[in-house]
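Can you keep this structure in mind? I'll have questions shortly.
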Amino acid sequence: MANDTPFPRRTLLKGSAAIALSSLGLPAFAQAPVSSVLKKTVPSSGVELPVVGMGTWITFNVGNNREALAECTAVMKAFFASGGQMIDSSPMYGSSQATVGYGLEQLGKPEGLFPADKVWTSDVSEGAGQIEATRDHWGVDRFGVMQVHNLLGWEGHLDTLQAMKEEGRIGHIGITTSHGRRHGEVAAIMESRPIDFVQLTYNIADREPEERLLPLAKERGIAVIANRPFRRGGLISATQGQPLPGFATEIGAETWPKFLLKFIVSHPSLTVAIPATRSVAHVEENMAAARGPMPDEAMRRKMAAHFDSL
Amino acid sequence: MLADLSTYSLRDFLLFDETIYRGLFGQLNAAFWPMAAVAILLAVALLVFRRRRPGVADRGVAALLATAFAISAALFFFGVYETVNFAAVYPGWGFVLEAGLLLVAVFLLPNTGGSSSAPASASPGRTGVWLAVALVVYALFGHPLAGFAAGRASADLEWFALAPAPTALAALGFLGGWRSRWRFALIVVPVVWLLLDALTLYGLELMPEAVALLVATGFGVIAALVPRRSSFVETAADLGRSGMGDPAEPVRPLRQARRQGHGTRPRSGTTGLLPTTSAQ
């Protein structure tokens, strides 16, 4: 899949018109020049991040498999070359952290790297030590965001992370959940604690966060990371062989993965989606979804309706 | 948190994909294949030798199985598997326990004759014996071939004494030929692992392999549960044909043995626990 797919003249004109229209406060398809990666801002800090990052759940848990380690390194290389910045991992993901560290050692650390990881222990006293071990795995000095994984021990861990942030040892703090679990508790934390990020499952099939969590994130100035953008490949399998709707060309979504990703990252409250892969072709296709015109709210409704009709 | 458990599927508990799982065995084989080759040769030799000296052979089998379980624990569970699954240590310790129990069987069981109430000459019968032999052969050769037929690369096949599944299957097969009731204790760890492994394969959507493993495990459990026959009249001929006893040693009916004052205790050198009637 090409990184810089030339867009039809019609799309370029639409993009220019959209930019002009957006300056008038009117709905627009495009939010970025067609050849550059769309970025969104972390509300609490102003840091800009590309709307497509990379997850490492399952795909990077390869142990000492040399062939797979090489594949992961190649994926990271393609990811960085395509403008990617956020890589997300966790101690829960087996050897994924070490795999990321291996890749960074081979490739060098790009300037824009935004390391995102998690603390995952019920024992709050072990949190700092685990974070230090994670830092060793990555070989980085500082994490862009450190999150409490699946809310495990969140009360104590958020205190620890807040202290580390004030010391400048981490950039942002956050919490994570997945599969639509514990949204009530997540909302309560978002309302009561000063977090910078919330990570949750949001995709064209799992749209429940639209009801409360995504609006709440916007209201509270919390950046949102979308995990399971493809439901671990399930959405791609489900759409395989299905024709794309005609309007997909208006947003440059010539494949289902791009269609599915553009739906996610075009939500006004959504900051970054983190698809995971061990395929260079797939990571390039994922990053291509961060380019070109993006659907507005009306188009998003059409996309959701079309998917629901399949 | 507990309420969340109902929202998890089996796949959510697997931290790796099927390519990486199969590749674990490739790493094992690349580094340690001579161990598997030697172990398989020994297993075949013991299977053949058992027809002539079943008591000696069974002690040899217990020693071989103890070694195989220990190797599998060290190289698979605490080795390659732990690199992708931090929970691998738990079945690893199970295999260590099994190795220990088999080691006990090598050194202590021959000296504790009489702890089994089964007559020394009781056997699983011809069907049970052949089922046990077939399972051993399947574990040594059929299981790897089944993996190949299911699409595994030849480098990633699972071999006895390295990979836990064929090791556990071979144990079920050998133990299925034992008379001793200790076999019930010794099949627990292998059966538990085989069920866990089948679940793992199912979660990875490797259905043919999962089904094949479940079927083989089922046969192994059946082999262990087949009642040991206590009839002496038929047993002698069966023992002679199956190799479960020494064909040169006549087996006297129990009533006759009592009349001659031999009681029901196994003769010196024999045990009620190892499937032999000959002096060692």
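Glycine residues also receive a Cβ, built from the backbone N, Cα and C atoms like all the rest.
What TrEMBL says about a protein is an automatic prediction, not a curated fact.
Residues or ranges marked as compositional bias 'Basic residues' by TrEMBL: B:255-265. Taken from TrEMBL, the feature compositional bias 'Polar residues' applies to B:267-280. According to TrEMBL, the region 'Disordered' annotation covers B:241-280. Per TrEMBL, transmembrane segment is recorded for B:31-49, B:61-81, B:87-109, B:129-151, B:157-177, B:184-204, B:210-226.
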Can at least 3 Cβ pairs under 8 A be found between the transmembrane segment (B:31-49) and the transmembrane segment (B:129-151), with each pair 6 or more apart in sequence?
yes
Same-chain Cβ contacts of the transmembrane segment (B:210-226) under 8 Å, 6 or more residues past its ends?
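For the transmembrane segment (B:210-226), the far contacts come to 124-125, 127-128, 131-132, 134-135, 138-139, 142-143, 146, 150, 165, 169, 172-173, 175-177, 183-184, 187, 190-191, 194-195, 197-199, 201-202.
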Under a Cβ pair cut-off of under 8 Å, which of the recorded stretches B:61-81, B:87-109, B:157-177, B:184-204 contacts the transmembrane segment (B:129-151) most often?
B:157-177
